[in-house]
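A.B. asks: Before I ask anything, here is the structure I am working with.
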Amino acid sequence: PCPDVNLSRVPSTYLRQLTSAGLLIPKHTINLSGTVGQGEFGVVYKATLNGWRGNYERTVAVKTLKVFSPVEQRRLIEESLVMIKFNHMNVMKLIGVSPHNWPSVYIVMPYMIYGSLLSYLRKNRADFTILNTNDDVDLVNEVGKKLWSMCLQICRGMEYLASLKFVHRDLAARNCMIDEHFVIKVSDFGLTEHIYSRNYFRQLSRREEDGETPVKLPVRWMALESLNDGVFSEKTDVWSFGVTCWEVFTLGKTPYPGMDPHSIVQYLERGERLEKPNNTACSEHIYAIVQECWKVAPEKRPTFSELAKSICESLEVMGGYLDLTTPYLSTAVVSSTENIPTHIPPSIETVTIPSV
């Protein structure tokens, strides 16, 4: 193969970190094909990786910038450095990075054949929605277990991230991906808000006058203290997890439908919260656990470890939780966790607000 271009322009610290972690991928081993997601700043390609660490070929996803800017490049690099640390079945793992086209950077990750949890839920909405309270109790219980087990997988991934003191800031169904074994993986650590522009409102950057890109915030998934004070913590991720559970049981509906970002803040400050999903599979008990995630005081919200315990206990009452690794979310009952990715965000909401 042709030798890769000179890496002398790549920052030495970044190059050293990639090399020491064994994650530096030669560009000639990556063959891009079609796009699987793109937006204002970035694009995700389906690609093949061939001749790196052996001669076998594998399908991967490659994330890169669509239009180069120093700010977006820095964010992409930071995302890759964060992902180096991750090793959990319910968290997206980094395969490697190719900076050989500098200033362009390729972030290489496993290809998620079933796309995003959001797109999966919407596609299968009819199969997981029960509107008639007179429906078979066993059917209601079975569907409830399937959906609640999806939430458990997300919770396990977030519990792991919290144990590393990592705050996601953008947990949502669109950012949970499904692999070929139906394992759900929490993903998109820092770039999604720039690639996928819908359901965000624009926060004026402190250095926008110098050309820095404004930050977009996922207001529909954000805790009050994040919206009002710019504070992020495990407990703000817990709030987002509650909204993600709501997405799961509504089969991918948009939170706070028909409300603009500023109205949502006022709605929450009045003490209002997302209503119980119109799905019999979401029991009062399940909804009560989800509501705990939306307490005003962060210290009164459960941790992810506490949530995982509560979900497991309720699943045991429902008859055990499910092995989701067999096709179409099989109903086999086991005592382990398994789960779901691509992006189909709803309508764009961009509102300029002061920096926090």
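Glycine residues also receive a Cβ, built from the backbone N, Cα and C atoms like all the rest.
Here TrEMBL flags D170 as active site, proton acceptor. Here TrEMBL flags K63, R174 as ATP binding site. Sequence annotations record features per position, and here TrEMBL assigns Mg(2+) binding site to N175, D188. The domain 'Protein kinase' annotation in TrEMBL covers 30-329.
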A.B. asks: If you compare CA-to-CA distances from K63 (ATP binding site) to each of the recorded positions D170, N175, D188, which comes out shortest?
C.D. replies: D188
A.B. asks: Count the other Cβ atoms sitting within 10 Å of the Cβ of K63 (ATP binding site), across every protein chain shown.
C.D. replies: 24
A.B. asks: Please classify the secondary structure at N175 (Mg(2+) binding site) using three-state DSSP.
C.D. replies: helix
A.B. asks: Any idea what DSSP makes of D170 (active site, proton acceptor), helix, strand or coil?
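C.D. replies: Going by the DSSP assignment, D170 (active site, proton acceptor) belongs to neither helix nor strand, so it counts as coil.
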A.B. asks: Pop the mean pLDDT for the domain 'Protein kinase' (30-329) in here, whole number is fine.
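C.D. replies: 86, rounded to a whole number.
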A.B. asks: Using the alpha carbons only, what distance in Å do you get between R174 (ATP binding site) and D188 (Mg(2+) binding site) once rounded?
C.D. replies: 9
A.B. asks: If you draw a 10 Å sphere on the Cβ of D170 (active site, proton acceptor), how many other Cβ atoms land inside?
C.D. replies: 25
A.B. asks: Work out how many Å separate D188 (Mg(2+) binding site) and D170 (active site, proton acceptor) at their Cα atoms, rounded off.
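C.D. replies: Checking the Cα atoms of D188 (Mg(2+) binding site) and D170 (active site, proton acceptor) gives a distance of 8 Å.
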